[in-house]
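The next block holds one structure in the form of structure tokens; read it before the comments.
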Amino acid sequence: MQTLRDLSTLRSAIDALKSDGRPVALVPTMGALHEGHMALVEEARRHAGHVVVSIFVNPRQFGANEDLDSYPRREAKDAQMLQTAGVDILWAPTPEVMYPKGYATNISVSGVTEGLDGAARPGHFDGVATVVSKLLNQVQPHVALFGEKDYQQLAMIRQMVRDLDMPIEIIGVPTQRAEDGLALSSRNAYLSEDERKAALALPRALGEAARQMEKGATVDSAIAKAITMLAAHGFDPIDYVSLCDAVTLEPMSVLDRPARLLGAAKLGRTRLIDNIAVEPL
Ligand code: PAF
């Protein structure tokens, strides 16, 4: 595996990979890799002959009071995991390579980014859209893979790639979970032992609410119960528990088409998100 940090070397290495005619997959990450990321890499292998993984902790997608400085960084361990998984290139640009002096362009996707995390984290999705378009332009892969855990991010990237005519297939990969059901996330590393136990209430509350809706409970009553359960386990604040159209992410008050139930809440200083599919009766 080659670890590359500057654009001209990346471009030559990508040209060399592409010369055998096999497709290239990109898995964009911010590092601190876990089994969720490795599932993306495995899935990438099924779609492409070559796999490129990027690690870049993107300052533009963190708010002023968010965890940019404390975000876990362990590139040496990440590189070992990627090498073992047979990744061809680790693309790990520095902030100066990604955003050189004088950098001035912002990518903003409307609609799908307006509610949920878009409302709770102003500027976050512009930061993600900007860095993902740059990563896609830098690597020029045939396919790119993203986890369903960041469901709104995935919906936004699909929209952006469609709108900007990028000739890239976007593949969403189901959320990987710990044995007890907690969605894997680099931010789980922040949780204390007690918080780790309480964190389970998030997938449980969403799962229970989804089952109730599928059995005919009203959307509002199922969501109210989920919020009560989260509060009882110490989540505060609860940014949202919301039922949305599975594609457009428009809010839904009646379960009349394929939907997604999404939740975000803070446990101590750790903000957790999760989501689950909800099928109409
Ligand atoms: O999901 C992530 O880890 C990040 O938002 C991404 C897509 C790598 C962009 O920085």
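Placed from the backbone N, Cα and C atoms, the Cβ positions cover glycine too.
Some features that TrEMBL has for this protein:
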- 30-37, 147-150, 184-187: ATP binding site (BINDING)
- His37: active site, proton donor (ACT_SITE)
- Gln61: beta-alanine binding site (BINDING)
- Gln61, Gln153: (R)-pantoate binding site (BINDING)
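Cα spacing between Gln153 ((R)-pantoate binding site) and Ser186 (ATP binding site): 16 Å, rounded to the nearest whole number. Checking the binding-site residues Met30, Ala32, His34, Lys149 for a CB within less than 6 Å of any atom of ligand 1 leaves Met30, listed in sequence order. Summarising the environment of Gln61 (beta-alanine binding site), the number of other Cβ atoms within 10 Å of its Cβ, over all protein chains shown, is 21. In the three-state DSSP scheme, Leu184 (ATP binding site) falls into the coil class. Around the Cβ of the residue listed as 'active site, proton donor', 26 further Cβ atoms fall within 10 Å across all displayed protein chains.
Separating the Cα atoms of Gly36 (ATP binding site) and Gln61 (beta-alanine binding site) is a whole-number distance of 20 Å. Cα separation, Gln61 (beta-alanine binding site) to Ser186 (ATP binding site), rounded: 15 Å.
Around Ser186 (ATP binding site), the same-chain residues six or more apart in sequence whose CB sits under 8 Å from its CB are Met30, Gly31, Ala32, Leu33, His34, Tyr71, Pro72, listed in sequence order. Annotation for Lys149 (ATP binding site): same-chain Cβ neighbours under 8 Å, separated by at least 6 residues, are Gly36, Thr175, Gln176, Ala183, Leu184, Ser185, Ile273, Asp274, Asn275. Residue pair Gly147 (ATP binding site) / His37 (active site, proton donor) shows a Cα separation of 8 Å.
Taken residue by residue with DSSP, Gln61 (beta-alanine binding site) is part of a helix.
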